[in-house]
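Contents: one structure, followed by commentary.
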Amino acid sequence: MGEGPGDKPYEEISEELIAERARLQAQREAEELWRQKEAEITKKFRDALANEKARILAEKWKVEMEDRKAAKILEERIHEEFKRKEEEERKRGEEQIRLQEEQRAKELYWSLKQAQLHSQCNEREEQEWEEQLRRIKAADEERSQRAQCARDEYRRHSLSAIQKGTVAGLSSMFQELGQNHEQEARLCHHLPGPGPPLPRALPVGRTWERPLRPVSREVIVRWFKEEQLPRQAGFERNTKCIAPWFHGIISRENAEDLLENMTEGAFLVRVSEKIWGYTLSYRLQKGFKHFLVDASGDFYSFLGVDPNRHATLTDLIDFHKEEIITVSGGELLQEPCGQRDSPPDYHLLFE
């Protein structure tokens, strides 16, 4: 397999195997076509010869030919003529089948080759996505650790001031800590500015063991029902109506097809098959963007794009109707993309 001296490279062996499979498949199809063609040719000339013999006999008996030898010669000549024509048609049929076999072999070869290349591309894309997700998770974890270190440092300074009994220093420290805690609260909740903090979502009581990542549609549906429905994911604010931008477990291609004829700024949110969360699909002037929304914790946030955390999925959507998602892209959510088919693509999530 390309490892020993004189061995063919793996790619060459793979090419030969694909070509041989294509050739054998085309050969089998050609043999079947030839059997059908040969049967048609044989039947055609057998029937024609029988009709001609019948005609000659009828004429012979009609005119009562006395020269039977001449009749025999005529019959043999006609027989040879039909045999020659049959042989010519056989050759034409064989040539036609041979050309079809060669063409079919080429078609099968390229079909198998494209399937192989497509499989390799999918495998590379999956590996790249796994690595990207791992880096994003690591960056999020590092930010969380830094915030925890900052909180520990504030507590350490407070305890030190109390132990020293420095009233003035303690008063100043409390005032400074009050400001820092307000900033820290904004960092944790990612508020756009001063104002009351967002309500923290209560932890959802889980009655099942969630895998590290989605493994099937059945598991995703159960996750949504167990963890997301209690948090009103996909609903309009303070109502029992499903939001017009919410969609079920649909593919990237289906999402782009729904957004195809809409203007820039149109968007939809679909349940992700890659992470515990969602994908926000956004219509650009030319093309589309897809943003992953992490819902694995007790908040909702974009992975690797926007650090803001939101208590509900609706909060995230409403926030980015006013604030852009990325500075470079300037994406602003404008027009929700609703359902096109009946039943809606999210019906399995609410059954």
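Including glycine, each Cβ sits where the backbone N, Cα and C put it.
Annotated coiled coil per TrEMBL: 71-142, in sequence order. Feature annotation from TrEMBL assigns domain 'SH2' to 245-337.
DSSP places the residues of the domain 'SH2' (245-337) in helix, strand and coil in these numbers: 15 helix, 28 strand, 50 coil. A mean pLDDT of 80 is what the model gives for the coiled coil (71-142).
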